[in-house]
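**Student:** Dropping a structure here in structure tokens format, bear with me for questions.
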Amino acid sequence: MVHHDINTTLQRDIMISNRGSFICRGFKRPVLPLRIFRCQIVVSFSTSSLSKSFKMASWLTIPSKSHFSLANIPFGIISTSAEPTHRPAIAIGQHVLDLSVFAQNNGFSKLADFPSDQLKVFSQTTLNDFAGLGRPVHRATRAYLQDVFRQETPYPEILKNNESLQKQALIPIEDVQSHLPLSIGDYTDFFAGRNHAHTVGTLFRGAANALQPNYNHLPVAYHGRASSVVVSGTPLHRPWGQVLPNPQAKEPVFQPCARLDIELELGMFISMGNKLGAPVDVNNAEEHIFGYVLMNDWSARDIQQWEYVPLGPFNAKNFGTTISPWVVLADALEGFRGRGLENEVPPKKYLDEKREDSILDINLEVSITTAKGNRTKITQVSSQNLLWSWPQMIAHHSVSGCNLRTGDLLGSGTISGLEPGTQGSLLEQTMGGKQFVKLEGGEERKFIQDGDSITITGWSGTAEDGLVGFGECEGTIIAAVPRD
């Protein structure tokens, strides 16, 4: 009997699944000499020249441009019309694998180091219990599922040759409804996109005072509203609030937001938390990361401008935050990392990372589709346009003794470049509403109108090697709720 254990998983991840030197530099555990030697071989050659031989072929047909290649294996929560109960699944190509059905039919029987009494995590209505098991279990589970779907799978009896289980557990992705992947206890939004911070600060305060004195010293953040985080595809009403009708006005008026904006962000879910009073070390913080999603942190700019002094945004941000449904595990993105924006200020000791390639390298795009059906790509940018890394955000969040919990959501802040077409908000693209963004069909926008849909996509890698993508993060703005 062939068993798949965690040690095998760790070795295979180094050599194949996350090719290149990245995982070697960031590896946190003792590694056998054989594994180190094999890592050194990979480093000796360009990763691009080796990647073809490492691409994993599957017995299941997966389109070459699918975000959900065998190199990915993202986790989410689904339901179907035939079975409305929410339950865990993975996305693979044009299908999802219902993990509840898979587990109940001995699908994980060859994953030796996964405790049998923990298989109940795949029958829960959220991913919180699975996330709380920690990175080694996530890593082993992902690698095992890759082996199950591999063309030359060592376990053909599990699914490849098991037509009965295929019919029960493999579902066309268009036949499922996605839901929030985790129950979110707390949501914290950071402000790590320095290009965005500088551009917006310049608009409001002038170039000399664009960044606040603390910006380069610590990862600035505020506590957001977890209850209004919604999954992709959920429409949101235009919010009401107090606004100043013009720059000269002294008294606010109460009206629907007239300057509704988007913010292109990444979201990160916490796996294992920390105890109250026990900060997370920046160099161990990776072990507290479950995975990542795309995020649109909708923003009511006119409401925000009036309310944010002195305590920051409130109603301008709490009416809705949209995230993509599939959580891309941290290990799936291990091979796509690099340096972020340079910080001329040396970090304090608690923020000083040993790892240099600490920023994820993800291709991000934003498109707007108007009520008339005209779709226009308005943003294309890399996620490397961040000043602070996720481990630094975790370390700063917990340095006071704050306890993070499984399922907590952290936002990166708006990701923007400096060139036209790379900004992650309309506020930047329109210079504060002073110019239009030109759209297909002769339409134009300064801010979001009712009926507009915003779609964010993101991926790493190439179709040739297998994309590690997020799918879509989509939301539509509908009219404000009528009021007397």
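Each residue, glycine too, has its Cβ placed from N, Cα and C.
On a predicted model such as this, the values are computed, not experimentally measured, just so you know.
Okay, so TrEMBL annotates it like this:
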type     : residues                               : note
DOMAIN   : 71-181                                 : domain 'Fumarylacetoacetase N-terminal'
BINDING  : Asp189, Glu263, Glu265, Asp297         : Ca(2+) binding site
BINDING  : Phe191, Arg205, Gln304, Tyr308, Thr414 : substrate binding site
DOMAIN   : 192-477                                : domain 'Fumarylacetoacetase-like C-terminal'
ACT_SITE : His196                                 : active site, proton acceptor
BINDING  : Asp297, Lys317, Thr321                 : Mg(2+) binding site
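For the listed features, I'd like the structural context: burial, neighbours, distances.
**Tutor:** In the predicted model, the domain 'Fumarylacetoacetase N-terminal' (71-181) shows an average pLDDT of 97.
Long-range neighbours of Asp297 (Ca(2+) binding site) (same chain, six or more residues apart, CB within less than 8 Å of its CB): Asp189, Gly224, Ile262, Glu263, Glu265, Lys317, Thr321, Gly411, Thr414.
Around Gln304 (substrate binding site), a 10 Å sphere centred on its CB holds 21 further CB atoms from the protein chains shown.
Every protein chain shown contributes to the tally, and the Cβ of His196 (active site, proton acceptor) ends up with 25 other Cβ atoms within 10 Å. According to DSSP, His196 (active site, proton acceptor) is assigned to a helical segment.
Under the three-state DSSP scheme, Asp297 (Ca(2+) binding site) falls in the coil class.
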**Student:** Count, for each of the binding-site residues Arg205, Lys317, the other C-beta atoms lying within 10 angstroms of its own C-beta, and report the residue with the smallest count.
**Tutor:** Arg205
**Student:** Return the residue, from the listed binding-site residues Phe191, Tyr308, with the maximum count of other C-beta atoms within 10 angstroms of its C-beta.
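**Tutor:** Sorting the candidates by Cβ neighbours within 10 Å, the top entry is Phe191.
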**Student:** Excluding Asp189, Glu263, Glu265, Asp297, please set out which residues of the same chain place their CB within 8 Å of the center of the CB atoms of the Ca(2+) site, keeping sequence order.
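**Tutor:** Leaving out the recorded residues gives Leu264, Met295, Asn296, Ser299, Thr321, Gly411, Ser412, Gly413, Thr414.
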**Student:** Look at the binding-site residues Asp189, Glu263, Glu265 and tell me which residue has the greatest number of other C-beta atoms within 10 angstroms of its C-beta.
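**Tutor:** That would be Glu265, with the most Cβ atoms nearby.
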**Student:** Given the binding-site residues Arg205, Gln304, Tyr308, which one's Cα is the least distant from that of His196 (active site, proton acceptor)?
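**Tutor:** That would be Arg205, the closest of Arg205, Gln304, Tyr308 to His196 (active site, proton acceptor).
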